[in-house]
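Per TrEMBL, domain 'ABC transmembrane type-1' is recorded for B:87-276. What TrEMBL records for B:25-47, B:89-115, B:122-144, B:150-169, B:204-233, B:253-276 is transmembrane segment.
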C-alpha cells in the first residue's frame, strides 16, 4: 500500500509541473500584452514601460516562469490589480461555496443514479429498465445551462417554491443556505446521474452473471444482501472511476451553475476575472483548479486501492 | 461453467439485435433531424426570412404572428430567423472543431499506436497534461486571452478534443497493428506510409467517425455553454447558446425565448448522440466479434 | 419414485431459448438420491449435467423454462415461494461450484463469506459465528484458520479456495451437497485431496452428495450410484460397482476408454470419442449417440431408445444394442 501511494505521488510531481507550465504559457505566450490590458485607456508608452518593468515583463520568459513558480510555491499567487485582493484570499473566500455545491451535487447524482442503476440491473430488460435507460440517454443530451433554466422556470418562476438566485453563508443560516443551494445542486446532479447510472448498470449486469453471485444465491442470502454487498461492492470501482471522471465536468458545470444562480463561488470568480480582464486572478484560479483537479484524480486512484484488495496487495 | 457461458452469449447476441430493431425508427428520425437542421443552416440566406439582426424596438417579445412566425426576441429581432442563423453557428463550430480533433488526434493516435516506443509515451504524456484541466476552464481561459471570435472558439474547442480522438485512434491501431493483414503487409515489404494509409486508416476511420459524431454533440454543448455565459461567439452573432442566455432574462414574461433555442439544441445534440452511439456500438470490435 | 428418497428429480426438462433456436439442455431426466447416499453424474461438457444441477438448485438462467418436479425433503422446489427457497438454500441444500477462482467474491474476506452464510441460517452472534468459521476451516484442512478469516480469496491458492468453498457449503450442515465439477479447475495433484475431503465430510456428516463430473475415474469408489448423461438425457444408471462391472451403454464404455491409464504403455494414443455431441438446438430423431457409436444400426437412427432395466432394477440403460460382454472388467 505504501509503495502504491509513493509511486502515485511520484507521478503527481511532473503532472503538477506540467499544469503550472501550461497555465503560465496560456497567460504569457498567447498574443496580447498584459500591461496594455491592465492599463486599458490610460496606456501611454511610458506607463506601459513602467508597468512592464514593475511586473517583470521585460525579463526573459524562463526567468518569469521560475520567479512566478517560486512565488507560487511560497503561497504567493499574486494580487488582483482591480481589487487588491491576493489570489489566495479571493479563492479562500469562495472555495467553501463551490465545495458545498459540488458535494451536494455529487450526493444528489449518486442518490439518483445508484439506486436506479441497481433496480435496472436487477430487472434488466424489463419495462422499468428500458424506460430509465432511455431517459438517462436523453438526459445526457441536456446541457447544464438548459436544465438550470428549466429548473428556474418551474421551481422559481412558476411554482415560486425556491429562490432563483442568491446566497447565504451556511454559518449564518443553514436552512436558508440550503434553500439557495437546492436548485444549483440539483442542476448539476441532473447532468451527472445519467453517466453514473449507465456505467454502474452495465457493470452490475456483468457482475450479476458472475459465479460468486450464483454461489451467493445458493447460500440462501437475501436479495438485498446479494445486490448491495456481493454485487455493488465489486462494481463500486467503476463508480469511483466515473465519479472521478465526472469531477472535471462538475467543475466546468459549476462555473455555469454559479453564474446562473449567482452563487459567489470559484466559477463566478473565474468568469468575473475574465470579464474584467483581471489576468492575475484568472491565472491563479486556473492554476489552482488544474492542480486541484489533478489531486482529486490522485485521491480517486487511492480510493481504488482501498476498494479493491487485489490492487492493494499488488496483484494487477 | 456451461450455463453461465450460455447465459452471457445469449444476452450479448440478443441485445444488440433487439436494440438495432428498436432504435431503427429513432435512428432514422435522428438522421432526418440532422439533415433538416443542416439544410436549413446551409440555405438560410436564400430562405424567405427577415434579417436576424434587424431590431424593431416597437415590436419586442411579440407573440407568434404571420409576420414573425415564432415571434420576436427582447430586441424585436425575428426569432425564427435567429434560430436558423443560430443553427449555422452551432453547426459550423460543432462540425469544424471535431474535424480539427479528428485530424490531429487521429493522426497522432495512429502514429503512436503504430510506432510505439518513445514517440508514443511522449504523445500520451502530453495529452495527459491537456486532460489535467477541466475542459471548460481551459476553453474559458484561452478565449479570455485570445479574444472572442468564431475562429478562435473553433480552434480551441478543436484542440481540446485532440486527446480524446488520440486515445480512440491509438487503441484501435494498437489492436489492428497485430492483426494478420498488417503483419502480412509488413512481410511483403510495404512502407510504413502505405501500411498506415492503406491498411490501418480504413479500419481506424470507422470508430473514429462514430466518435466524431459524439464529439459534435459535446462541442455543440460546450459552444452553447460558452455563448450562454457571453464568452463564446461575440454579439451580434447569435448562436443557440447565446439566445438561451438572452432568453434567461425574460423567463418570467416570455419563457419561449429560452425554450425554443433550448429545444432546438436538445434535439440536435440528442440526434448526434443517438447516431454516434449506435454507430459506436456497431463498430465496437468487442461486439462486432459476435 | 421411492418414498424415502431425499431428492427426487422427476421428468425434469430444461429448455433454453437461444438466438439459434430452442436448446433442450435437460431432456426428461429422472433421478433419486437417498439420505446420506452419493450419486455421481457423469458426462461430457455440454451434456446438460450442469444445467441439471442448476435446475435442482433453482438457479437456472432467467429465460430457461423448466418442467417436471424436483422433490427435496418432502417439498416440491418448483412450487416453493422464493422466501422458502432462500431459507432452504445454503441451509439444507448446498453447492460447491467448479472454479474457486470465480465462485468466491473477490472483494469480500473469507471470514465475511463464511459468517454471512452462518448468520443467515443459524442464529449465531458474531463471536459464535467466528468460532464456528474457524472450526469449519480447520475441518476442511486449512492451516492457520484464524488468520484466513481476514484474508481475501486472491491471497489463497486454488486448492485452498476450493476448501473454503467446501467449508461454506458445509457450514450449515446441509442434507444434500451438490459438487459441480469440484476439481476440474484444480491442479491434478490437488484433485484427489479435494475429492477425498468431500467423501470424508460426506460420511462424517451423513449428508447426501451429488458429484457432477466428466471423469468416470472421479466417481469410481467415491459414489454409491452413477448416472451417465448424454445430450441432456440419462443414458445409463447403475449402482457404481455394477456399472464398472457390467456397463451396457456404448457411450459409458467410450467414456471409460477415454480415461488415460497408468498401466498403458508409454505413447499409447488415447482412444478419444470420435465426433462431437449433437447440436442441442437440433435434436436427433433417433439415439443421440448413434452418429458416434460404433455399434449403431439403422434402428438407432430412427427411434429413441427408452431407459430399460438390466439384470437388476437398479441398473437401467437406454440402448438397442447394449454391450453384452464383460467389457473392461478390470477397470
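Glycine is treated like the rest: Cβ placed from N, Cα and C.
Annotations in TrEMBL come from automatic prediction, not curation.
For the transmembrane segment (B:150-169), the partner stretch with the most Cβ pairs below 8 Å, chosen from B:25-47, B:89-115, B:122-144, B:204-233, B:253-276, is B:89-115.
Sequence-distant contacts of the transmembrane segment (B:253-276) (same chain, six or more residues past either end, CB-CB distance under 8 Å): 23, 26-27, 29-31, 33-34, 37, 61, 70-71, 73-74, 79, 83, 86-87, 90, 210-214, 216-217, 220-221, 224, 240-241, 243-244, 246-247. Tertiary proximity for the transmembrane segment (B:204-233) is limited to same-chain residues at least six positions away from its ends with a CB under 8 Å from its CB atoms, namely 89-91, 93-95, 97-99, 101-102, 106, 109-110, 135-136, 139-140, 143-144, 148-150, 153, 157, 160-161, 164-165, 168-169, 172-173, 176, 239-242, 244-245, 265, 268-270, 272-273, 275-277, 279-280, 282-284. Note on the transmembrane segment (B:25-47): residues 84-85, 87-88, 91, 264, 267-268, 270-272, 274-275, 278 of its chain, located 6 or more positions outside it, place their CB under 8 angstroms from a CB of the stretch.
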